[in-house]
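Working notes for the structure below.
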Amino acid sequence: MKIISVLGSTGSIGTQTLEVVRNNKDLKVSALAASSNITLLEEQIREFHPKLVCVYDREKALELKKRVSDLEVTVEAGMDGLIACATEESADIVVSAVVGMIGIKPVMEAILRGKDIAFANKETLVTAGHLIMPLVKKHNVNLLPVDSEHSAIFQCLQGNESSTVSRIILTASGGPFRGKSLAELKNVKVEDALKHPNWSMGRKITIDSATMVNKGLEVMEAHWLFHEPLNKIEVVIQPQSIIHSAVEFEDGGIIAQLGTPDMKLPIQYALYYPEKRRYLPGKRLDFFDIAKITFEKPDISNLPGLRLAYEAMNTGHSVPTVFNAANELAVAKFLNREISFLSITALIEKAMENVTVVKRPTLDEILNVEQETYDFIERECVKSNYHI
């Protein structure tokens, strides 16, 4: 029996994680955490019977407490509650599927207590990789990627020495606006950006895919996870999302991981690692149904999110935090129809140019830079024309 805690249980990765649990009797849930969706969280509590739950929104937590008063479950709130779920004593592995830098503290606390981490919160590594990776090594825990691309790379590396890697090939679908001109991108609406061609994901990550910021975040994540320099991480557009990523070795051989676009595959792989693979219901890849597999170079001119990510990581220190925080707020403003689609990356670039760089930031300094970046974006939106 493997016992898991799920942070972000009502989101896209969280609900798919619970689908995997539902299909496997040797997985048990000890803790669930959500932001504010207490209707779905209550359903999850009644089905999976966790000991502990957290609702980040304190008012919603009080309401949930009343709703589940007939059950033996402890309801916590806020950051303290999130950390309590991440460190729940009986949990063997913590699924970190919250959105944004809110996941940093809970993940660090879980590692300190020797928990393995199934990792879907890339922002945590992007901003605090220099703090988290030494902890992973010190406490000898597994940091298991749940992103389809990083899981693919992780699988390709099994049985191979990392010293023999010559290149990591990180694939991308190109998002809904692959091949679009700058003129076409000027008139993009929220509904257009939320139509990903291949994957079913949450709203924020779907927008990140459209701007190519998501792939930039994944480059940073790959740097930390696989200890490779940026010049050995190459992004390749693979529009059909069949090749999830690949690794080239120094003898010229390339190992790739292929499959249908189903997030439950990397989730289940992480939950059971290092055990043997388990049966997973779902559609199988039929090579005879594939009309073609094509490859393209990413468009860093019209969709500069990837270029900005490389620049942020090359500068290092607190700049990846600025990149991430600026993107988080800009995406939220776009989804609220306050700014245009192209303004997202314009604001990121402006923030990277103006927010003070902090060298080797501590956790507190990372959070301060995050707030400073939010404040800068708010001021910039007031004084400049980023609106639709």
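Just so you know, glycine gets a Cβ as well, placed from its N, Cα and C.
Owing to the predicted nature of the structure, the values given are computational and were not obtained by experimental measurement.
Binding of Mn(2+) is attributed by Swiss-Prot to Asp147, Glu149, and the same site annotation extends, among Glu88, Glu89, Glu191, Glu218, to Glu218. When the candidates Gly179, Gly202, Gly216 are compared with the NADPH site entry in Swiss-Prot, which names Thr10, Gly11, Ser12, Ile13, Asn37, Asn121, Glu123, the shared residue is Gly202. Same-site candidate for 1-deoxy-D-xylulose 5-phosphate binding, as annotated by Swiss-Prot with Ser148, Glu149, Ser173, His196, Ser209, Asn214, Lys215, Glu218, chosen from Lys122, Lys137, Lys232: Lys122. Put simply, Asp147 (Mn(2+) binding site) is 9 Å from Asn121 (NADPH binding site) when counted between their Cα atoms. Rounded to a whole number, the distance between the Cα atoms of Glu149 (1-deoxy-D-xylulose 5-phosphate binding site) and Glu123 (NADPH binding site) is 15 Å. Of all Cα pairs drawn from Thr10, Gly11, Ser12, Ile13, Asn37, Asn121, Glu123, Gly202, which the record names as binding NADPH, the longest spans 22 Å. There are 20 other Cβ atoms within 10 Å of the Cβ belonging to Ser12 (NADPH binding site). Cβ proximity to the Mn(2+) site centre (mean Cβ of Asp147, Glu149, Glu218, cutoff 8 Å) flags the following additional same-chain residues: Lys122, Pro145, Ser148, His150, Ser151, Leu170, Asn214, Lys215, Glu221, Ala222, Ser245.
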